[in-house]
Amino acid sequence: MKLDSLYSRKVGLSLFALLLLVGFGFVIARSGPLAPTKVTTTRVEAGKVSPALFGIGTVEARRSYFIGPTVAGRVQAVHVDVGEQVKAGQLLAEIDPVDLDERLRALDAAHARAASAVAAAKASRTDAVAKKALAELNARRYRELGEKRFVSASAVESKQQELSSAQAAVEASNANLQGAQQEVVRLRADQDGLRQQKDNLRLLAPHDGVVISRDAEAGSTVVAGQAIVRLIEPDSLWLKVRLDQGRSRGLAVGQSAAIVLRSNSSTQLPGKVVRIEPLSDSVTEERITLVAFEQIPAGLTIGEMAEVTVQTAAGQSGLTVPNAAIKQTPQGAAVWKLEDGRPILVAVKLGSASLDGFVQLVAGLASGDEIIVHSERELSEGGHVKIVEQLAGPKK
Amino acid sequence: MISLAGRDILQSWSKFVLTGIGLGLLIGVTLTMAGVYRGMVDDAKVLLNNSGADLWVVQQDTQGPYAESSSLRDDVYRALLGLPGVARAANVTYLTMQVRQGDTDVRAMVVGFEPGQPGEPGYLVAGRHITRNHYEAVADIKTGFQLGDTIRIRRHDYHVVGLTRRMVSSGGDPMVFIPLKDAQEAQFLKDNDAILNERARTAANPSLNRAGVPGLLEAIQSSQNANRNVNAVLVQIAPGATAEAVAQEVRRWKHLQAFTRVQMEEILIAKLIATSARQIGMFLVILAVVSAAIVAFIIYTMTLGKIREIAVLKLIGTRNRTIASMILQQALGLGFIGFLVGKTAATVWAPFFPKFVLLESGDTMRGFVAVMAICALASTLAIRAALRVDPATAIGG
C-alpha cells in the first residue's frame, strides 16, 4: 500500500516534470531566436504579364466656349439658362447698348443732310454748266466780231476770260458734287459700323451645344472677355487622366482603356487614348493623357472623377515573379531565393509589371527556382525558415 | 544515499507542484511586464527599421516626423538626390487617424509612401504590393483588415491588397500604407463641408473676390485646395558614404533637419516613449521586489511547516549540512518549476496583448538567474530557522 502510493506519486511527479519540460521546449522552439521564420514560397514560372497603367481622371469637354462681350459693358438680358440646348446662331445674351441707338439716329439725320447737300451740289453744277454754255456762245461770237474788227480786242479777251471762269465754275461744282456724294458714302459706312457694333452686343452661340454655366445676370457689369455664359459641345466630352510618370512606359495613342466612373463604380466603360499631352506636370510628376469614351454615357457630368486603366501592351510571356517577393535595396531589386532550405538574396533585373501584382523577370533567376513570397518577419541571409501554406487570412 | 529533498517532495508533491505553479504565474507576470517594456522599445525600433531609411530629413528645428509634426515641400527630395552620398530618397507622410471599415473604425497610422522606394513595407505576410498609384492599401494584420476589404480614409475608399506584420507606429498603432498622393490628400484635404465653408469664406473676402478681376477667386480657391507637403524625406545612403556626413551636408546647405538612425532612436526612446516606459519600468521594479518577497515567504513558511520533521531528523543525528542542502534543493526546485511555468505562461499569453509584448531571451536568462538567486537567498532564511530548531521539539511537542 505504502509502496504503491509512493510509486504513483513518483509517476505523477515525473509526468508533471515531463509535461512542463515538453511545454517549455515547445515554447523555446516556437518563439525567440531559435524559432524559424515562417514563409510562403512559390516557384519561378513562365507566365503572362499584361502591363497596364492606372490613373485618375476628370471628365472635361474637348471644346468649350466662353461667351462674353469684346468691350466692357452692362448685361441687358441673358436669354438662356444652365442645361439648355442651344443652336448655332441662337441669341444667348445682350449687352446694354447705352447711347448707340441715339448715335445711330444722329448718323441717320447726318446722312439725310448729306443727301440734300448732294442735290444742292447737283443744282449748282447745272447752273454752272448753263453759265458755261452761254459764256462759250458769247466768247465765240466776240471772237468772230473781233476778227472782223467790229469790237475791240479787249472786249474779246474779256469774253474769253468769262468762258474760262465759267469752265472753272463747272469744275468746282463737279468737285463739290463728288465731295457731297463721298460724304454720303462716309456717313453710310459710319452707320454700318455702328450697326455692327450694336450687333456685337448681341451674344450668339458659335456652335450647337449645352449651356453649362450662367456667370452674370442682367444689370451686372462685365469686363471685356469675361464670360457671361459658358457652352460646351456635349459630344466632345473626354477624360483628362493623370498617370504616374514613373510607370508610364509604353503609353501610346490608340491604346484601349477601361473607364470606371465614380457615379457608377460597378461598370467598366470602354475607351481609347486619343492624345498624350507633350507637356507633363513637372510638379506632380504625372503625365497627362486624354482618353475618349467609345460611347459617351448618358448623364455624364463635367468634373466627375473616373478611374482609368490603360492597357499599355499586349500580354507578354516570360518568367514572372509576384511583386510581394521583390525586395528593394540601394543596389537595386532583389529576391529571396531558397537554396537547400536557406534563403539567399539574389539580385534580379525586372521588366514590366501588371496591375495584378506580377512582374516580368528579365534576369537573375531560372525557371523552377523556389523563391520566398511572404515572410512573417525580416529575413536574413542563411536564416532558418519554415515553409507554410499561408501566413494570414482565413484558411483556404 | 537517498535524496532527502526528493523524498520530502514526494511526501507532499501536490502542495509542492501547486506552490510551484502559483509561483510560476507570478514570475510569468513579471516576465510579461518586462516584455511590455521591451515591446514598447521594440515598437519604436521597428518603426525605424521598417522605414528602411538611413537618414530622416525633416523640417528645420523640428524633431519630426514621429516625435513632432514636420512639414516639407514634396520637391525637396529632388534636391537631396543631387547630394553626394545619397542613393535613394523618397517622400513620406505619417498621420495617425481612424480608418473606417463599414460601421467600425480602427486607430491606425496612415503612411503615404512611394512604391519601390524607402518607406515601403519590407515584407508582406499575404497579398501583394501596391501596383496602382491610387486607392490601394497595404494594412498591418493588427488592424483586423483582410485581403479584399474596402476601407475608407477620409473621402476615398481603398482596397486592401496586401497584409504586413509588425508594422506599427511608436505608439503601437498598426500602419496602413497608401500611395503618397492619396495620403497627401487625406492629410491636408478636409471633408466636403469644410471645403464648402472655406470656399464661402474666401468668396466673402472682398479683396479676394473683386468685381474687376474675373477668375481671381477661382484661382485662389484652387490654390487653397492643392497640397504639396510631406512630413519627411527618407534617405538611403550610398555604399561607402556615412550617414553623419550626408546629414551634415543637408543641415548646412539645404537648411533642413536631418537625423541619422542613432539620433532617431534616441529621439524615439529617450523622448517619445520616455514617460510611459519609465511608468512601466517603475511597475516592473515593484513587481520584481514583491515577487522576490513572496518567493522568500513561501519557502520560509514551507520550512516552518516541516519544523517537527526537521527536529526528528536532528534527533536521529542528521548532519546540519544535509538538512540545509535539502531546504536549498527544494527552494531551487521550486524556483526552477516556477521559472518554467512562468516562461511558458508568458509566451502563451503574450500574443493576446493588444500591444506588442517582446520576450527577449536575454531577459529570460536574467530572469532565470534572478529567480534562482532569490530562491537561494530566501532559503538561507529558512535554513537559519531550521538549524535553530531544538531537537527536543520532536518529542516535547
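Heads up, residue numbers simply count up from 1 along the chain you see.
Quick reminder: no glycine exception, Cβ is built from N, Cα and C everywhere.
Any TrEMBL annotation is an automated prediction that lacks curation.
Summarising the annotation, TrEMBL assigns transmembrane segment to B:16-37 (among others).
The feature domain 'MacB-like periplasmic core' is assigned by TrEMBL to B:18-252.
Away from its own ends, the transmembrane segment (B:280-302) comes close to residues 19, 23, 26-27, 29-30, 33-34, 36-37, 40, 327, 330-331, 334-335, 338, 370-371, 374-375, 377-379, 381-382, 385 of its chain (Cβ-Cβ under 8 Å, at least six residues beyond either end). If you look up TrEMBL, you'll see B:280-302 (among others) marked as transmembrane segment.
Residues or ranges marked as domain 'ABC3 transporter permease C-terminal' by TrEMBL: B:282-391. DSSP states for the domain 'ABC3 transporter permease C-terminal' (B:282-391), grouped as helix (H, G, I), strand (E, B) and coil, give 93 helix, 0 strand, 17 coil.
If you look up TrEMBL, you'll see B:323-345 (among others) marked as transmembrane segment.
Marked as transmembrane segment by TrEMBL: B:365-387 (among others).
Note on the transmembrane segment (B:365-387): residues 27, 30-31, 34, 288, 291-292, 295-300, 302-304, 307, 310, 320, 323-324, 327-328, 330-332, 334-336, 338-339, 342-343 of its chain, located 6 or more positions outside it, place their CB under 8 angstroms from a CB of the stretch.
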